[in-house]
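The structure under discussion appears below in the form of structure tokens.
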Amino acid sequence: MSSRPPYLPPIPTHVPGATAAELAALPEPVILISGISGGGKSVALNALEDAGYFCVDNLPPELLPEFIRLQRAQAVRKVAVAVDVRNAASLPKLLPLVDQLRREGTRILPMFLESRSDTLVRRFSETRRRHPLSSRQDDQGQTRSALIDAIEHERELLASLREVSTVIDTSDLRPAQLRTWVRQLVGAAHSSLTLVFESFAFKHGVPRDADLVFDLRVLPNPHYVRELRPLNGRDAGVIDFMHAQPEAAEMLAQIEGFLLRWLPSYAMDQRSYLTVALGCTGGQHRSVYGAEQLAQRFRERVPTLVRHREIEAREAVL
């Protein structure tokens, strides 16, 4: 049985953007990795190195243009650069330099890795590493309050860079999951715009990387059907249940129509990614179903990725 209900409206077959030939002719974008200390930049950079990228960590921002020109002159196609708060004094120069490089025709994909503060505190405690901005210490190293202060200060310093980047929240990701997610994002980087559908549970908060948020809690909940409770929105039983709900069909059709109407405008805004977050109570049934169904409808029109935050978080602790 088809996973697409017959009563849904047809989908337009074209979203404005570059042609396949034009996209293929573009050079590889330079991947610019930044983010909060402890957020996973090293894991991301290692994943890119394994994927064939020439990677440099902690490059001073003022050296970025000359470094990229040198790599291009040597015909190095895949380049990734990590910058972080260790070069705090030079960070204000970074965004103007990125704008300059783009005007010169260099494609740059900024990726910003972050985590919740409690997760960062735990990671620093486990690794016994000191935060680069932490100054106050007790006899056993940095105090918790000093560490939290340093994390919040770092967020302030990097706020403008986060604003223009594709944000990846690594709070609930294992290193292997982060490596996979980074490779998927980079693999889609030749498109003019990539759609990311992300399911989540409102009780755990709205994803920090969401651009658009839709609330699916008003839809009938499969959780209250005993045999469906242990399943999720990718399972046939839940799919059949949701297909039978007129409200679900109407809501997804309206979200689909909204995205089709505004995708060209988002693409013209020079975004690389648009993250559409769909939430329900537990992040297992309705939101997962909605993310999967919308991804199916857009996959043949624009590059599309799907992630399920709560399912991935549960798998991370198994």
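From the backbone N, Cα and C atoms, a Cβ is placed for every residue, glycine too.
Feature list (source: Swiss-Prot):
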BINDING   Gly35, Ile36, Ser37, Gly38, Gly39, Gly40, Lys41, Ser42  ATP binding site
BINDING   Asp84, Val85, Arg86, Asn87  GTP binding site
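Here nothing among the binding-site residues Val85, Arg86, Asn87 falls inside 10 Å of the CA of Lys41 (ATP binding site). Fewest other C-beta atoms within 10 angstroms, among the binding-site residues Ser37, Ser42, Asn87, are seen around Ser42.
For Asn87 (GTP binding site) paired with Gly40 (ATP binding site), the C-alpha to C-alpha distance reads 18 Å. Every protein chain shown contributes to the tally, and the Cβ of Gly38 (ATP binding site) ends up with 25 other Cβ atoms within 10 Å. Each of the binding-site residues Lys41, Arg86 was scored by how many other Cβ atoms lie within 10 Å of its Cβ, and the smallest score goes to Arg86.
In the three-state DSSP classification, Gly39 (ATP binding site) falls within coil. Ranking the binding-site residues Ile36, Val85 by how many Cβ atoms sit within 10 Å of each one's Cβ puts Ile36 at the top. Over all protein chains present, the Cβ of Gly35 (ATP binding site) has 26 other Cβ atoms lying within 10 Å. In the three-state DSSP scheme, Asp84 (GTP binding site) falls into the coil class.
A Cβ within 8 Å of the Cβ centre of Asp84, Val85, Arg86, Asn87, the residues given for GTP, is found for these other residues of the same chain: Asn58, Val83, Ala88, Leu91, Pro132.
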